[in-house]
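Residues or ranges marked as domain 'EamA' in TrEMBL: 7-148, 158-287. Among the features that TrEMBL reports, transmembrane segment is placed at 35-55, 76-98, 104-124, 131-149, 155-173, 185-211, 217-237, 249-266, 272-289. Marked as region 'Disordered' by TrEMBL: 298-317, 324-353. As annotated by TrEMBL, compositional bias 'Basic and acidic residues' applies to 324-347.
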Amino acid sequence: MNTRFNAAFTALLAAALFGATTPLAKTLLGTLSPFMVAGLFYLGSGLGLAATIVVQRLKRSAHERQNESRIQVVEIPWLLGAILAGGVAGPALLMLGLSTTPAATSSLLLNLEGVFTAVIAWVVFRENVDLQVFLGMVAIVGGGVLLSWHPGAAGVPLGALLIVGACACWAIDNNLTRKVSTNDAMVIACLKGLVAGSVNLLIALLLGAHLPSVGKTAAAMLTGFAGYGVSLVLFVVALRNLGTARTGAYFSVAPLFGVALSLILWPEMPSLLFWAAAALMALGVWLHLRERHEHAHTHDTLEHNHRHRHDEHHQHVHDFPWDGKEPHTHAHRHEPVTHKHPHFPDIHHRHSH
């Protein structure tokens, strides 16, 4: 099933780009305040994606622009909730927690984001899960714990609690973003970046921080564009095709990419814990890739707008001249149908079990 591997690759690429920002941030911005770093990264992602969106729309025909997917009024609360939770509250709680918590403890606690994301998806939004997917999640999180394990490290309870709160905020963000994932992923990521970047930058300036040199500012924003912007676009696309828990599990591999890049930038012999973590994460990814969830299910009537091809779920006629180009974007209607095939909890398979 090519869709499965394409969606998994999208999520893993998002994780790789995001994971790479940690060692790159160390080389670029070691002397800046955490809020300034977050602000420049987010703002770089928002502005970079905004420029990309403008260029793309200039290239589109008037008909293509007319049929673009647009965020609906009923979806705005979901998007605002995601932005506030993941772009404002999450980074703020993390920065406050880091100020009183050892780095080793913080790294361990940050592995909770994937756990919280999956639990919310399974319990609150009733996303289906089987034993294989659950074990894959456990293996990936276990690898993350090993990757950041430093024996003897301990944290201040309050700081640790704040970091746990940050993880919960990002988990909420991931699940709320799923509710708007049928829309243009680039627009969603752009809005998140602009709002989160502005808020974090304002906090940094109010706390007395100053903008770095032009060179460092540009480097930080470019890093943010790739590691936060492009990564988030890919993450939203993966949410659309895989569901929240599975995307969150793949994304939890991000620290492995960060450590791997660190070993390239600052060569040293990887520890046994690194190889053990890599093996556990590889096992988790393999278990997810082997998933084959198949049963008879019914699609209810559904109307929405997203980029698609005319496959077994998109058998509709067009009320406009169509040149046969695929994939394309326009509002379309799904009629009720019952069938059986392998599937994920994507935007067309959010049925109960």
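Note that Cβ sites are derived from N, Cα and C of the backbone, with glycine treated the same way.
Against the transmembrane segment (155-173), the recorded stretches 35-55, 76-98, 185-211, 272-289 differ in Cβ pairs under 8 Å, and the greatest number is found for 76-98. Put simply, of 35-55, 76-98, 131-149, 185-211, 217-237, the stretch with the most CB pairs closer than 8 A to the transmembrane segment (249-266) is 131-149. Distant neighbours of the transmembrane segment (76-98): 34-35, 38, 42, 106, 159-163, 165-167, 169-170, 172-174, 176-177, 179-180, 188, 191-193, 195-196, 199-200, 203; these residues of the same chain sit at least 6 beyond its ends, with a Cβ under 8 Å from one of its Cβ atoms.
The transmembrane segment (272-289) and the transmembrane segment (131-149) are in contact, since at least 3 Cβ pairs between them lie under 8 Å (pairs 6 or more apart in sequence). Pairs of Cβ atoms less than 8 Å apart link the transmembrane segment (217-237) most often to 35-55, out of 35-55, 131-149, 185-211.
Within the domain 'EamA' (7-148), the DSSP-based counts of helix, strand and coil residues read 116 helix, 0 strand, 26 coil. In the predicted structure, the domain 'EamA' (158-287) carries a mean pLDDT of 87.
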